[in-house]
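Have a look at the structure below before the remarks.
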Amino acid sequence: MHSARYDYGQNGKHERINFLSNNEKVPPKQKKGIVVGVIVALLVLAAVAGVLIWLFVFKANSGTTLSSRRSPRTIVFSGHMKLADVPFDQKLEDISSKEFTDLASNLEDVIGECIKKDSFLAKYYNTSVVTAFSHGVIGFYWSKFDVPGSDLEMVPEFSEERMLDALETAVQGSRSIMSPRSLKISEVTAALTDPRMARNPRSVECFYVLEAEEGKIKTFASPGYPTGYTSKSRCQWQIRASEKNSILVDFPIFYIEDYCPDDFVYIYDSLSSDEYQAITQKCGQRPPSNPLAVASSGNFMLINFIIDSDVQRPGFEAQYTAIPLSNVTTCGGILMETEGVFTSPLYPRFYPPAVDCKWTIKVAPGSKVRVKFTMFRMKEPRVDIHVCHKDYVEVMGTKYCGEMTSLALTSNNNVLEVNFHSDKSYTDKGFSAEYSAYDPADPCPGKFACASGICIAKERKCDGWNDCGDMSDEIKCKCDKEQFPCDNGLCKPRMWVCDHVNDCGDGSDEKRCSCEENEWRCGNGVCLPQDVVCDNKQDCIDGSDEASCKSSPGICSEFSFICNNNECVNKVNAECDRVNDCSDNSDEAGCDCGTRPYKLNRIVGGQNAELGEWPWQVSLHFMTNGHVCGASIISDKWLLSASHCFVTNDPANHVASNWQTYSGMQAQYKQDGVQHRAVKTIISHPNYDHMTFDYDIALLELSDPLQFTNTIQPICLPSASHVFPAGTSCWVTGWGAQREGGQVSMMLQKASVKIINDTVCDMVTEGQVTSRMLCSGFLAGGVDACQGDSGGPLVCFEESGKWFQVGIVSWGEGCARRNKPGVYTRITKLRDWVQKETGI
Ligand code: ARG
């Protein structure tokens, strides 16, 4: 990051940067054309003067001027300076002491005098406030400038360089400053800061000084917590600890508005709001599974709480304590076991700023080292992840930063060095890594060795999923019976063939999908001779060969699509198939649904969903519990979910205001592109039975409509007559547990499941299914929805090019057990109820 600082101290901690002097900035003059230039300039000046006179003299009298319509701006610089000959006195840490007040006002005068020497800054200067002193002696300050609306074009002139130039007069000691006590200043920093964070500790409103102590955990909370904060809140906490300590702050509960420019918490590794020493800025709600927890690199920390929106949220609750600084900065070492785990300092808490660690992994000669990062998050604003010029992990000459889902590396010999670097500003969760020694001749005993060096279970080779992360487990496969051999040598589950997703990567699984010309394609994809159609015998399992025989209006059956004008269309799945079947075209109305704008390729495999892959998926958060249920978008104002998420023993579950909805979400901890809406009403089906889970359906009305985007789209609801034949491959998605008894997932998960025949479903569930339910999954087990997926959608892709929601995740015996498929609410049976309640 660009850093503008002067450093006159001896510790060499700050970079010294030379700025261009004014002379250097002027380009060499050219004599040619000077005369012409002068004349042109005079003419331009005259014209400008004319316009200005008109604007200010005539226009001013006749009403509003341009300038009076522009609102004034406040500019604030924050930073610190080192006071070379002031001895440190403990009383300086107490803002109510006379020592503090005297030195602060002395330093404020010095700063003011310096600023006044720059005629530009002097013109707009308002005030300077010294907010704290710490060992060193370091004084923390901010200076404020007011720019009237008429001078807004001057705002870019307020540069950090200019401010530092002004303060340099104090540093150079050429003091003509008549201050009561002379101060020798040796280091200065200045950073442009959000004026909302400039607080005067001497005006007591929402300003706190806290003392962190070793072995003691103390707490503080945002104002109004947990009922809710008020708009225009401005609070600041200065936390201090004794020397040679680091401060740890955890936020077990963190729930503020989503829109960061208005509402945020900004934490600094300093006692001034200096961007160059920011630890992090956060807004939104954090699930308990991913709490915010930070650490300082020294014995102080500053926390700002800024609220501007009118939306009321609970706020935060924080715990703080101190630990010896050596616990924070001593990291790295020599690792000589055959396997082990190492992490960034303080993991899973944010690592502290300004630390360097080096791990040397040394295994037996002849062996090699493999390192797999199970978590890697070192993201900073304005950092190019190809360069990693700020915080990074360096292995074998390559720097890694940003966020990585799979990073595995192997050494060239028996020693591997891993370096970790964090600079002075912005920190993140860091990393956790597993290392192990391996024999290059047999790198994965009993397992399969990926090209990247990691080992995976043998069964995972050639199973159609990219388990290695580099596809090396999916090439050169001999496909078994259950698998489809792609033209490029990959094997994919047969059920992925002709599902409109290019699973092979070369399109070969989607190539030969339609039936021959003289054949009829049943709803489940089976091709039969054309003459089975309308022979008064059901040949296709789904009866599709007979369903379209009498398309004359008036003849209605259970399988007919009923048009708005009550005509019947006897054709399988007539709605939204891009063919006008009803004379009033109502079968093609309301078909703006079930499409995903993002182009996706499932070839990368794994089970994490890609961004925008399931744009109708919604995460429902309950009070401060984080994600608890799923839902789907059926219109900009309505979501579909499961009744059992809301009708429980706890009446709080049925209170709309206890729920928050997040649309467009992929990772639970990411806010980008996510639209957050409150719930206005919850309508659960009146016949919902909590014993049998019958009628497990609910509608949520949103407080404000959603804006559809690439990652936020409604799903199509099937009409009551829509058929989803047994055997169809559909998809279930959610943040539910990845195994029975597990915790909810951070990343949205997807699983391909098959619609199971009703007779089989009835058998395996021992008669527990009603006609409002359907089974989907695999009788062999292994793939299923699980706890936390409830309320989420089961969707199928239709030939017509649209996705339809067939079911709502409802229940199951355990998860992914053999002969225990997932049970879903059957939407076709409840379609009319949805229509009645919402008009959709
Ligand atoms: N009832 C569960 C929930 O609340 C969902 C169960 C789905 N189970 C299954 N095996 N498909 O999240």
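Every residue gets a Cβ built from N, Cα and C, even glycine.
What TrEMBL says about this one:
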DISULFID  Cys450-Cys468  disulfide bond
DISULFID  Cys462-Cys477  disulfide bond
DISULFID  Cys479-Cys491  disulfide bond
DISULFID  Cys486-Cys504  disulfide bond
DISULFID  Cys498-Cys513  disulfide bond
DISULFID  Cys515-Cys527  disulfide bond
DISULFID  Cys522-Cys540  disulfide bond
DISULFID  Cys534-Cys549  disulfide bond
DISULFID  Cys556-Cys568  disulfide bond
DISULFID  Cys576-Cys591  disulfide bond
DOMAIN    73-195  domain 'SEA'
DOMAIN    206-323  domain 'CUB'
DOMAIN    331-438  domain 'CUB'
DOMAIN    603-839  domain 'Peptidase S1'
TRANSMEM  34-57  transmembrane segment
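This view paints the features noted in TrEMBL onto the structure.
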residue : record         : contacts (Cβ under 8 Å, 6+ apart)
Cys462  : disulfide bond : Asp473, Glu474, Cys477, Lys478, Cys479, Gln483, Cys491
Cys556  : disulfide bond : Ile562, Cys568, Asn570
Cys576  : disulfide bond : Asp587, Glu588, Cys591, Cys593, Gly594, Cys716, Glu798, Ser800, Lys802
Spatial neighbours of Cys468 (disulfide bond) that are distant in sequence (at least 6 apart) but have CB under 8 A:
Cys450, Ala451, Ser452, Ile454, Ile456, Glu474
Quick check on the domain 'CUB' (331-438): DSSP residue counts for helix, strand, coil, in that order please.
0 helix, 57 strand, 51 coil
Rank 73-195, 331-438, 603-839 by Cβ pairs under 8 Å to the domain 'CUB' (206-323) and hand me the top one.
331-438
Mind giving me a neighbour count for Cys540 (disulfide bond)? Other Cβ atoms within 10 Å of its Cβ, every protein chain shown.
21
Cα within 10 Å of Cys527 (disulfide bond): which of the disulfide-bonded residues Cys486, Cys498, Cys504, Cys534 qualify?
none
Determine the minimum-neighbour residue: among Cys504, Cys513, listed as disulfide-bonded residues, which Cβ has the fewest other Cβ atoms within 10 angstroms?
Cys513
Looking at the disulfide-bonded residues Cys491, Cys498, which one has the fewest other Cβ atoms within 10 Å of its own Cβ?
Cys498
Which one is it: of the disulfide-bonded residues Cys477, Cys515, Cys522, Cys534, Cys568, which Cβ has the fewest other Cβ atoms within 10 Å in this structure?
Cys534
Please report the distance from the Cα of Cys513 (disulfide bond) to the Cα of Cys504 (disulfide bond), rounded to the nearest angstrom.
14
Using DSSP, what is the helix/strand/coil residue split across the domain 'SEA' (73-195)?
51 helix, 39 strand, 33 coil
Between the Cα atoms of Cys515 (disulfide bond) and Cys522 (disulfide bond), what distance do you get, rounded to the nearest Å?
9
Which residue counts does DSSP give the domain 'CUB' (206-323) for helix, strand and coil?
3 helix, 59 strand, 56 coil
Closest of Cys486, Cys498, Cys504, Cys534 to Cys540 (disulfide bond), Cα positions, disulfide-bonded residues only:
Cys534
Check Cys556 (disulfide bond) against DSSP and tell me helix, strand or coil, would you?
coil
Among all chains shown, work out which of the disulfide-bonded residues Cys450, Cys527, Cys591 has the most CB atoms within 10 A of its CB.
Cys450
If I take the alpha carbons of Cys498 (disulfide bond) and Cys504 (disulfide bond), what is the distance between them in whole Å?
11
